[in-house]
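Novice: Handing you a structure now.
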Amino acid sequence: MVAKFLSLACMRRSESSRGGGDLSPRPHYPSMPKYPKGALSSEEEKNMEGSESTALFSVVGMTCSACAGSVEMAVKRLPGIKEAVVDVLKKRAHVMFYPSFVSTETIQETIEDVGFQATLVEDETNEKSTYVCRIQIKGMTCTTCSTTVESALQAVPGVQKALVALATEEAEILYDPKVVSCNQLIEAVEDSGFEAILISTGEDTSKIQLKIEGKWTSNSMSMIESSLQALAGVQEVDIDPALYKFSISYKPDLIGPRDLIKVIESTESGRFKAMFFPEGGGRESHRKEKIKQYYRSFLWSTVFTIPVFLTSMVFVYIPGLKQAMDTKVVNMLTVGELIRWTLATPVQFVIGRRFYVGSYNALRHGSATMDVLITLGTNAAYFYSVYNVSRAATSPYFKSTDFFETSSMLISFILLGKYLEVLAKGKMSEAIAKLMELSPEAAILLTLDKEGNVIGEEEIDIRLIQKNDVIKIIPGAKVASDGYVIWGQSHVNESMITGEGRPVAKWKGDTVIGGTVNENGVLHIKATRVGSESALSQIVRLVESAQMAKAPVQKFADRISKFFVPLVIILSFSTWLAWFLAGKFHGYPKYWIPSSMDSFELALQFGISVMVIACPCALVLATPTAVMVGTGVGASQGVLIKGGQALESAHKVNCIVFDKTGTLTTGKPVVVNTRLIKTMVLREFYELVAAAEVNSEHPLAKAVVEYAKKFREDEENPAWPEAQDFKSITGHGVKAIVMNKELIVGNKSLMLKENIVIPVQAEEMLAETEGLAQTGVLVAVDRDLVGVLAISDPLKPSAGEVISILKSMKVRSIMVTGDNWGTANSIAKEVGIDTVIAEAKPEHKAEKVKELQAAGYVVAMVGDGINDSPALVAADVGMAIGAGADIAIEAADIVLMKSYLEDVITAIDLSRKTFSRIRLNYVWALGYNLIGIPIAAGVLFPSTRFRLPPWIAGAAMAASSVSVVCCSLLLKNYRRPKILDNLEIRGIVVEL
């Protein structure tokens, strides 16, 4: 899942307690954590290690996280289970197991014994009907180009959705792999007249490109290919003999790059050496190459254009040089005209070739782009000049006037504008580049013996890390991979990923994120997610997708751009015709015509100026450039915004619905009081309660289990009695049979529903607990109420101030929770929220959101749990707390990575600033065209004699796009409201 990039809950913690890390000089890790040492024979361990398998089950009937937790717990108790992950929203259970000890039938029966219907999914690829393919597209110059490519991709059977972004020059395609392949998508782009390079396919495979050194023969290459294809997990092997390159697609769960390299180098007695093929063709290298191309083109264009400009505009006013330039060569053809013709020709056809190619491709597909306008304008000036000088060369009387400086200067200024635009665009993607730089280049791989002792270490390329590798992280080094600590203790600086400024303590069992920095102490971690599955890769992918996604306001520009170029061509021709006819029929005085022109040439100058000054690019770049910078700035502030749609909706938000637990509160509840109504030993009481609650994933259940461990301090990992017939009642509690006793743990409504009598004493305890903003949990044994637990979940330090600031921003705040009314009202009163909805089930939260939307509010939902995901989806903007559940994060539009409540304000403020910048861009882009085109057409000429030469019009056109991009880049200076910095400092002090 895309959302797994940050959640600490998604990676299962070690069974060990937080404080008991083994700090001996020679760390030891059990190779089979599911079984104690000695429980299995060496042969059994060997069988298990060599025959790992995976299975996907469809699980019907799950309604909440407790359901998923009970399924996961039941499966993990089976012998031979390596890992089990249950997704309640997708109704799937993904199990990694050892077939020697457990079968898929046993796993299926176990899930069904828990109370859910389970079906083995035979072919996981058939279940996944949609992949996301990303393609880099070269050659796009304006919105018509991107629209042409988008239309071509949408027309391919099997394509569900296609987005083409001019700003990033990439396409993102949602497609059905059973209907269409990535190669067909690339062909569709190339058929549209553009070059396409595959970035990613979205398939559940990884791809590695290796350069093979050695003596190549057809027999040896065939042997290597056969050896690779025989490996489990290898899906495809492509060979490029010219480059000595092997491209291998493989399943990362089954095999890794080190295995592939080992097989290649062991073929034919080690005659070959494999290494990573030098990288190239990526986004950054493509951008640098494009900058170089435009720079070279502009440089050469300037070399030829400056002499043309001097002979045309400067030398004619310098005595001596004027006579030299006016010297006749053939008939009336002068030296100056011949020089200008000679120098303007390579600018027009060699340096300006890109515009001809772009125009041909566009017209071939029935569209008109900016290249068409540039080509028409420059050709009109160039070929009219060629006609005049040719006529002068063949006539002893005809004195010609040429416009070679118009065509060459026009191309030079457009190339300068493109060069500056590409430079500016590169700065917009700096957020992604900085994220990618976080990953270290090398890692220290540890080698273990069968007992789990370290017997060696070596430094390897980070790309060679495979799942379940044990990596050593020394002080000051970057964490090489996502994983969990299996030995050592230290503090890790995670600010570059989560935005959390304080180093986080890491012990045995704690999770770590690749790209973060280990500050002190040595850590040994076990890699769990590598390559494209890592948190860093997921964040990069999320930001890339966000920058691809179009904001709804972009549709306005897209609609205009469809008709812009044809309309400009019509206006240009009409301008020329109007001025030509006016001159022909003496519609204006002759003295209006410059001495070096006639009426036709004056009309031609006006027509060309109109054609080249019009610029749809500025209009089209107004939104995506601002969105790119805004999402990049958000990522650097710890606020991940999933595209233009989320940005646009967030700036309109006037009502926010807050979940309570984990959002307004810390989400770390603790048991603060226990009162027994019946005579009972407290240890036995918690033995029963913990046995039932350990099967639940609810935060309150975890708090109870954690508290119960205090009565079993002699055991590091206490084993609780088995709970039979466990059942989770969403929003109420749990039921189970423990030690032949019927146990019911939950709220007051559950007890009433089960017809359990609540004594007056218990009622008073509940009222007192709720009055203190605590949650009361009732415990019944054999249908007799025996005790009341008081659980406190402290408010986040900044909660009250955040609500107050939102009120000043004219944003209404509402709290919705599954907790009881007493506790909910106490919490709401403390933070200053007037409207409260308590005892709400997940569907009730979504219904409340819809009610507010029907009342005219633009609603944001802020939550962190699985039960918040329906409301997150229903809201106009869903904001998920970064440390929350994966499903909540995936359902959200905005992810608050630091889990700070004040980042809700940052998200809204940033979205408002971004959209004010978009409006400013549109005002500039529309104003430029609405004012520039009439001036270029000669509206001011009759009254002021001011006209806009075509080369100046071209410079203005180039400047318009650059100015819009630079205006968007000013967003990089965004700073969140200062009052939030004070809140964060205060929150740190409170926590300390």
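Every residue gets a Cβ built from N, Cα and C, even glycine.
Whatever TrEMBL says is automated annotation, not expert-curated.
According to TrEMBL, the protein has these features:
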type	residues	note
REGION	15-47	region 'Disordered'
DOMAIN	53-119	domain 'HMA'
DOMAIN	131-197	domain 'HMA'
DOMAIN	206-272	domain 'HMA'
TRANSMEM	297-318	transmembrane segment
TRANSMEM	368-387	transmembrane segment
TRANSMEM	563-582	transmembrane segment
TRANSMEM	602-622	transmembrane segment
TRANSMEM	922-942	transmembrane segment
TRANSMEM	948-971	transmembrane segment
Novice: Which residues of the chain, 6 or more past the ends of the transmembrane segment (602-622), have a CB below 8 A from one of its CBs?
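Specialist: For the transmembrane segment (602-622), the nonlocal Cβ contacts are 141-144, 146, 166-167, 370, 373-374, 376-377, 380-381, 384, 403, 406, 410, 557-558, 560-561, 564-565, 568-569, 571-573, 575-580, 582-583, 592-594, 918, 921-922, 924-926, 928-929, 932-933, 936-938, 941, 947-950, 953-954, 956-957, 960-961, 963-965, 968.
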Novice: According to DSSP, how is the domain 'HMA' (206-272) divided among helix, strand and coil residues?
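Specialist: Here the numbers are 22 helix, 21 strand, 24 coil.
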Novice: Sequence-remote contacts (6 or more beyond its ends) of the transmembrane segment (922-942), Cβ cut-off under 8 Å?
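Specialist: Here the qualifying positions are 556-557, 568, 571, 575, 579, 588, 592, 606, 609-610, 613-615, 618-619, 621-622, 948, 953, 956, 960, 963-964, 967.
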Novice: So what's the mean pLDDT when you look at the domain 'HMA' (53-119)?
Specialist: 80
Novice: According to DSSP, how is the domain 'HMA' (131-197) divided among helix, strand and coil residues?
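Specialist: Once the DSSP states are binned, the domain 'HMA' (131-197) shows 22 helix, 24 strand, 21 coil.
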Novice: For the domain 'HMA' (53-119), DSSP counts of helix, strand and coil?
Specialist: 23 helix, 24 strand, 20 coil
